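Per Swiss-Prot, these features apply:
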{"type": "MOD_RES", "residues": "H65", "note": "phosphohistidine"}
{"type": "DOMAIN", "residues": "66-157", "note": "domain 'ABM'"}
{"type": "MOD_RES", "residues": "H78", "note": "phosphohistidine"}
{"type": "MOD_RES", "residues": "H153", "note": "phosphohistidine"}
Amino acid sequence: MYLYTSYGTYQFLNQIKLNHQERSLFQFSTNDSSIILEESEGKSILKHPSSYQVIDSTGEFNEHHFYSAIFVPTSEDHRQQLEKKLLHVDVPLSNFGGFKSYRLLKPTEGSTYKIYFGFANRTAYEDFKASDIFNENFSKDALSQYFGASGQHSSYFERYLYPIEDH
């Protein structure tokens with residue numbers, strides 16, 4: 001499974017979504033633009049998307065949920081260690097109130113992994129983010145040992161994706 005992402009204006013991305021209703025397309029609002037995501041076993045219908053292989057997955061994407069996309073930089077010599085760390089987090093995320101979905105994404109190009117957490121709303125996500133589970137497994141401090149030299153060129157950061165009707 002692959003996840004493709006592309007940013008643009010609401011109107012432009014919404015037209016793509018309307019023209020391809022047979023595809024698994026999800027549109028969200030960010031602080032400064034809109035984003036469209038496509039989950040697919042095959043090639044994307046998006047023209048120039050960022051492409052990721054889904055290497056771990058729980059739950060289904062839904063446009064009515066709040067998402068946090070965490071960008072985790074790494075280097076070639078730390079990739080396997082980072083993947084091993086994130087693939088072996090043995091925590092039932094569904095135990096957290098409002099949890100909806102999770103995706104661990106490996107880049108098809110470049111060295112920045114992404115982690116998507118889907119929750120019913122931002123408050124539920126912020127509660128999860130304050131937990132020991134998040135701080136020990138997904139926080140910048142927990143993952144910084146895997147950044148390698150690439151940490152000088154790209155940063156660990158979060159981007160919030162809001163349901164269109166809520167933002």
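Cβ atoms are placed via backbone N, Cα and C, with glycine included.
Distance between Cα atoms for H65 (phosphohistidine) and H78 (phosphohistidine): 32 Å, as a whole number. In the three-state DSSP scheme, H78 (phosphohistidine) falls into the coil class. Classification of H65 (phosphohistidine) by DSSP places it in coil, neither helical nor stranded. On the 0 to 100 pLDDT scale, the model's mean across the domain 'ABM' (66-157) is 92.
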